[in-house]
Amino acid sequence: MANQHFAKEAPETYWKTSTDLPSFPALQEDTECDVTIIGGGITGITTAYELTKRGFRVVLIEANQVLNGTTAHTTAKVTAQHDMIYDEFIRHFGLNHARLYYEANQNAIDYIKGIVDEHQIDCEWIEQDAYLYTANENAVQKIHTEHEAYTKLGIERDLIKDLPIPLGSKLALVMKNQAQFHPLQYLKALLEQIVQKGGRIYEETVALDIKKGERPEVVTKSRHAIKSRFIICCSHFPFYDGGGLYAARMYSDRSYVLAIKPKIEYPEGMYLSIDQPSVALRYTVVNGEKLILFSGVSHKTGQGKAMSTHYETLRQLAESTIGIESIPYYWSTQDLVTIDKIPFIGPMSENEDNILVATGFKKWGMTSSAVAATLLSDLVEKKENPYESIFTPSRFHLNPGLQKVISYNADVAKHLIKGKLEKPDVQFEDISPGEGKAVTINGRRAGAFRDETGCLHLVDTTCTHLGCEVEWNDSEHTWDCPCHGSRFKPSGEVVEGPAIKPLKQIDLD
């Protein structure tokens, strides 16, 4: 990164560098269990923890290494303050629905805190108040309206004008008794508990397909199979759709994080702006000093301007508010957003109650993962759960769901058609080492990346998920799909799903 504030040339997440995670073998044989969990992030691990605690035989598989995806790149705010949602939820779904959503996520905070206390986990758990604020006089009424929603729902709250930190706030809404923590230190302890209780974990084990039945079967890339009573898909975007039409009901949204040594003295609290571009702040302590995690500048994955410019935009916003001494770490992440902003947690489809899913957390995965773990475990045990109807993937709300489905899929179609018609006028000699660009080969769009040795890597830019054309991400050095968020290495290997197969390599010889 060119700016003098950035201490590192490439993105790196603090959570990973500060945690020595265990490693696990790949699956080498067919096996059976009670529950197969696909996905080694916070949702899969927490669900495996809960199920092994309840006495179930669990196998968890991860395509890469555990805690290497979205969870490792979070800002780890443990809160039920999920942006400006409660007035919207009351208007669209009713007071009871909105109250249950809040209760589910507030209970999730207590659930996580209970695990931290039970196992004495050293994960920097600190209770914090969460602040929604605006620096725009024209948006003050929005804060008042959300405050009214908090009042209707009985949320412990406060309305203040001046924040403890100089962000130019005109008005702020406080949600009391939320929290922050170090997510990987917490989840490392859960991994240990899973293994102690007999759970089995396999890394580098890619799920390719699911065979339905009374005892459904996960088929892996190595052709080994896992039979179980239940399968739970926690793989971010579900690799298996099961007739649930998830590609038509979610989109992938990307955002950026700077870990900043600030010029100001940072107080307590977690802060989220409702203005555009929206930014969020919390702190973590590194080597005895507070670093501010300054995040935001979101956009749909694979869409918009050069990805590296988003870091610079975020840096400028931070410089103008908190001041910057240095930026020891920076990274980016993406998450899935459902059309109605409520996660999908429950049966993959109405006809398959033994294949379950958890996805679409809208970047609020710390509490959503705990909601999912308890709800999915109750479904496995055939126990009633008061939040089942809120999160069920088979729900359908006419307003605003239908309009957003139409709008979102029109956007997908636009990018699909645009990519197919595009014929980039870029020559191979125009691509410098470390650069990737779309090119035209034999009349067809392709992707070219030149590595530091000067070698050119060519791939077909057609995403192997549903056929959209991927775009180059100059910050992460990946090919990103603007339709459903799949990401690929310069040489075509899958970095992040829903795609399972790599981009096709092109050989000019």
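Just so it is clear, glycine is given a Cβ too, placed from its N, Cα and C backbone atoms.
For reference, Swiss-Prot has these:
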type	residues	note
BINDING	Cys463, His465, Cys481, His484	[2Fe-2S] cluster binding site
DISULFID	Cys468-Cys483	disulfide bond
DOMAIN	423-509	domain 'Rieske'
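Sequence features annotated in Swiss-Prot and their locations in the structure.
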{"residue": "Cys463", "record": "[2Fe-2S] cluster binding site", "Cβ within 10 Å": "27"}
{"residue": "His465", "record": "[2Fe-2S] cluster binding site", "Cβ within 10 Å": "21"}
{"residue": "Cys468", "record": "disulfide bond", "Cβ within 10 Å": "23"}
{"residue": "Cys481", "record": "[2Fe-2S] cluster binding site", "Cβ within 10 Å": "29"}
{"residue": "Cys483", "record": "disulfide bond", "Cβ within 10 Å": "28"}
{"residue": "His484", "record": "[2Fe-2S] cluster binding site", "Cβ within 10 Å": "23"}
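His484 ([2Fe-2S] cluster binding site) sits 9 Å from Cys468 (disulfide bond), counting Cα to Cα.
This prediction places the mean pLDDT of the domain 'Rieske' (423-509) at 86.
In this structure the alpha carbons, written CA, of Cys483 (disulfide bond) and His465 ([2Fe-2S] cluster binding site) are 10 Å apart. Under the DSSP three-state reduction, His484 ([2Fe-2S] cluster binding site) is assigned to coil, being neither helix nor strand. Taking only the Cα positions, the spacing between Cys468 (disulfide bond) and Cys481 ([2Fe-2S] cluster binding site) is 7 angstrom. The domain 'Rieske' (423-509): residue composition by secondary structure is 3 helix, 32 strand, 52 coil, according to DSSP.
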